[in-house]
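Engineer: Take this structure first; my questions come after.
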Amino acid sequence: MSLTYESSTRSALKYSIRWRMISLIFILYTINCIDRISLSLAMPDVTKEFNLSPEVQGIILSSFFWAYCAFQLPGGYLVDKIGAKKVLGVTSIFWGVFAAIGGLAMGGFTLILSRLGLGAFEAPFMPAANKIVSQWLPDKEKSRGITLIDSGAALGSAVGAIIVSSLIVWFGSWRAAFLVTGIVSMIVAYIVFRKVKEFPYQHPNITEHELHVISAPLSPVSVSVNQQADTDRKLDTVSLVFMFFGRIGFAMVFFGLVTWGPSYLVHERGLSLQYSGLATFCIFLAGTLGEISGGFISDKFRGKLIFPRVLRILFLVSGVVSLASLASIGYIHSVTLAVAIICLGFYFEMFGGLYWLIPGMITSHKNLGFVGGVLNFAGQIGGATVGIASGIIVQHYGYQAMLVYYAVCAAVYLVCSQFIRFRN
């Protein structure tokens with residue numbers, strides 16, 4: 001059985017049915033995050049048209065996360081009630097609608113309304129994606145699956161930086177860019193809805209062998225031991241608290257760069273919209289590669305006794321490099337070197353995608369939904385507050401102070417990650 005499983009694992013990435021499903025979800029999430037970053041890239045033009053202060057910009061950029069946060073629990077309930085596929089299909093089409101509506105905004109208030117709608121319909125995505133991963137991938141491939149999908153956030157920001165900035169320049173209007181990306185989102189959502197299946201056995205082309213592989217455990221010897229350990233495991237509340245605040249720190253760095261990174265490059269570094277888009281592309285492409293790399297390293301040691309130690313080291317390196325890069329950018333005069341250092345820091349920052357493994361390491365299966373919800377909620381708190389906080393800091397103290405704030409957030413992520421008690 002072990003040899004069969006290892007053989008199937010080596011061939012898993014050769015476009016097996018299960019990885020086709022994961023790839024479709026990854027593509028959809030990437031499109032999702034292009035819609036998210038579009039406003040950040042258009043904000044310099046939007047600010048001129050609507051005469052917005054940095055504080056108001058921060059409110060508009062954060063409004064997406066207010067609805068995203070509020071609809072996490074209802075979205076998760078719908079996923080359990082009617083299934084991941086239906087929720088993904090319906091909500092993803094509507095988020096495309098609201099992305100397009102943003103292009104029709106008449107002022108700051110109507111722009112906020114469109115962002116609230118976008119956040120509400122994007123909220124169920126990760127709960128649905130996690131359910132697809134849990135139903136379609138064997139244990140040994142789940143780290144790669146969830147980090148691949150989660151890396152769509154960074155890749156969408158990277159690709160979106162090029163696409164949206166090019167559309168704005170091409171059409172001479174940020175409104176047209178919003179309309180185009182919204183329509184494309186609706187088309188992709190419909191295609192994914194038609195292709196994705198809720199369960200492996202529902203796919204017409206799946207083989208008995210692949211169904212067997214999907215149900216394979218990490219190792220046949222450890223199954224009964226792990227089941228007993230899981231039954232006896234109590235929720236580690238100390239680790240839960242450190243996980244919560246560590247995730248907030250990580251999310252503030254990530255979403256801070258997503259929302260305010262393009263404006264920093266334009267206003268502080270003096271880049272044009274096109275060059276700002278190119279620099280943003282490089283930064284988030286580095287983050288995408290970093291998150292995927294973290295998933296592969298994690299899977300390499302998954303199920304081994306040293307895995308908790310490896311995970312701790314990965315978070316240590318992630319936090320240290322991220323903190324060092326953010327703390328040093330303000331002292332670097334070369335734009336090219338500054339962008340390169342941000343890329344390096346963001347590559348390692350995105351090892352933080354492995355936080356999605358923590359719930360299963362600090363509690364039993366019966367509490368997994370609760371702990372996963374706490375983790376996701378922490379991330380959204382970071383996203384909902386960092387935009388407003390950054391706007392206030394920029395208006396009163398400037399962009400250099402904003403970078404110091406992000407460095408402090410990276411320090412919180414670093415320290416809290418080291419106090420989590422990881423268990424196999």
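Note: Cβ is positioned from N, Cα and C throughout, glycine not excepted.
Annotation comment: TrEMBL describes 21-424 as domain 'Major facilitator superfamily (MFS) profile'. Here TrEMBL flags 21-39, 59-80, 87-106, 176-193, 238-258, 278-298, 310-332, 338-358, 370-397, 403-422 as transmembrane segment.
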Engineer: Counting only CB pairs under 8 A, let me know which of 59-80, 87-106, 310-332, 338-358, 403-422 has the most with the transmembrane segment (238-258).
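Structural biologist: So the stretch in question is 403-422.
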Engineer: In this predicted model, what is the average pLDDT of the domain 'Major facilitator superfamily (MFS) profile' (21-424)?
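Structural biologist: 86, rounded to a whole number.
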Engineer: Taking contact to mean 3 or more CB pairs closer than 8 A (sequence separation of 6 or more), are the transmembrane segment (59-80) and the transmembrane segment (370-397) in contact?
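Structural biologist: Yes, the transmembrane segment (59-80) contacts the transmembrane segment (370-397).
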